[in-house]
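Some features that TrEMBL has for this protein:
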DOMAIN    15-489  domain 'Major facilitator superfamily (MFS) profile'
TRANSMEM  16-40  transmembrane segment
TRANSMEM  52-72  transmembrane segment
TRANSMEM  84-101  transmembrane segment
TRANSMEM  113-133  transmembrane segment
TRANSMEM  154-171  transmembrane segment
TRANSMEM  191-209  transmembrane segment
TRANSMEM  245-264  transmembrane segment
TRANSMEM  284-305  transmembrane segment
TRANSMEM  317-336  transmembrane segment
TRANSMEM  401-423  transmembrane segment
TRANSMEM  435-459  transmembrane segment
TRANSMEM  465-485  transmembrane segment
Amino acid sequence: DVVETREHYKSRWRSIWIMYLTMFLSSVGFSIVIMSVWPYLQKIDPTADASFLGWIIASYSIGQMVASPLFGLWSNYRPRREPLVVSTTISVAANCLYAYVHLPHSHNKYYMLTARALVGFGAGNVAVVRSYIAGATSLTERTSAMANTSACQAVGFILGPVFQTCFTLIGEEGITWKLIHLQLNMYTAPVLFGALLGVINIILIFAIFREHRVDDMGRQCKSINSEGEESGGLDQDAEGNIDHVAVVAINFLFFVILFVFAVFETIATPLTMDMYSWTRKEAVFYNGIILSVVGIESVIVFMVVKMLSKKTGERAILHGGLLIVLVGFFILLPWGKKLPNIQWQEIKNNSIPRTTSTEMLMPFWSLEALQLPSNHTVEPVGCPITQSWCLNTPMIYLAQYISSDILIGLGYPVCNVMSYTLYSKILGPKPQGVYMGWLTASGSGARILGPVFVSQIYTHLGPRWAFSLICGVVVISLLLLEIVYKRLIAFSVRYGRMQE
């Protein structure tokens, strides 16, 4: 029954490797400017404030959320090369636009917002990438291929800031190519480098990428996406209905997984500044190191989970990953008696009484007297007194924070890979573009809502409420997983065409 020739096998895996590269470049496009957006925004448009920065960061995910189902639908009925090339071209053009946002005399911040939204729109091609990999791999190859895809995505997120750091050597002024009004500096060089990588990706898609489709047992099949000589093989029976309960459940679980990780990334800097009296520079530096280590940990986990899944199955590993994430956030709950340092407390050599009921009734005007004059040059450190919870919430010890980082860095990649793998297996042999688009869109929506949720809850109610609610959400996810556990099986297994 095996109809795949050696040449077909090589061509199929060359195409899959091009998809890995596309996924890598998509994540680099997001992370390569993430550290420099704020200073660049301040430079080109002094009217922009921190709240607008939030919109610029979110615009990438909004663009991706809108584009993913559209590119997925396109890839279901046309050769995938078309949406891949168009989406990558949009990203290249958007990166070039970003390099020129300094030129207009006004509204520069809106041009930057547009550029980042378009980069995100182009990144909607990850739905096409994952649907292709799902259709071009057998069930035995699927987990490994999905793990490699997620690893490429993770490496892209890690290397993006590294590329940005290298380009800081050019400096803020850099050089100007007057003929085309191009400023090449530490802010524009990274996006131009990203545009160059996009052009290389387009060339490789044309030169190497070919449409391939195999069934769950690895036999070559005809594909609706193929043209001409690429369409050979068996036309496998794809009859049977997709289990939409399982599909919706995985979409919800994936949303929760991305939501809690977005919360984890967002809260790192303000939490450490409040709890450990770190300065802005220290918080960015130390958390940058921690997130880099977590990223490396994630890549290792992606590799290990490929082997582990062969012994235990994807559902058990997903269950274990969610439990690890739950423990990670549970550890973050404040348990001790020691309170965090209040902002200005160290500088004033004065302490604020925080253990009696009197200070809870202290009027705000009397607290203002404890702050330094506005022209003081020393950066305030500690928990700001405007956050009322600072006066009665115990601090989270550094050991708690580090332990939580390690556990979340372990649980998140496990859940990420297993969600995609189970999802692709549940969908079966039918074109998966639209479904993968919805899964990508749910992840993008989580990355938008996560930072908004945690910033509001953390600022007004504190870490105890924020992390308790996150634990509650993960517990609900575990209960849902228990309910649908037996339904999370491959399409071919569900209809008795293969043994589990």
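For all residues, glycine too, the Cβ spot is worked out from N, Cα and C.
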Contact check, the transmembrane segment (84-101) vs the transmembrane segment (16-40), 3+ Cβ pairs under 8 Å, seq sep 6+: yes
Leading contact stretch, 317-336, 401-423, 435-459, 465-485 vs the transmembrane segment (52-72) - CB distance under 8 Å: 435-459
Segment proximity, the transmembrane segment (401-423) to the transmembrane segment (191-209), 3 or more C-beta pairs under 8 Å: no
Long-range neighbours of the transmembrane segment (245-264), counting only residues six or more past its ends (CB under 8 A): 318, 322, 325, 329, 408, 412, 415-416, 419-420, 422-423, 426-427, 435, 438-439, 442-443, 445-447, 449-451, 453-454, 466, 470, 473-474, 476-477, 480-481, 483-484, 487-488
Mean of the pLDDT scores, which run from 0 to 100, over the domain 'Major facilitator superfamily (MFS) profile' (15-489): 81
Winner by Cβ pairs under 8 Å against the transmembrane segment (401-423), considering only 317-336, 435-459, 465-485: 317-336
For the transmembrane segment (284-305), distant same-chain residues with Cβ under 8 A (at least six beyond the ends): 143, 147-148, 150-151, 154-155, 157-158, 161, 265, 268-269, 272, 278, 317, 402, 405-406, 408-410, 412-414, 417-418
Recorded stretches the transmembrane segment (465-485) and the transmembrane segment (154-171) touching, at least 3 CB pairs under 8 Å: no
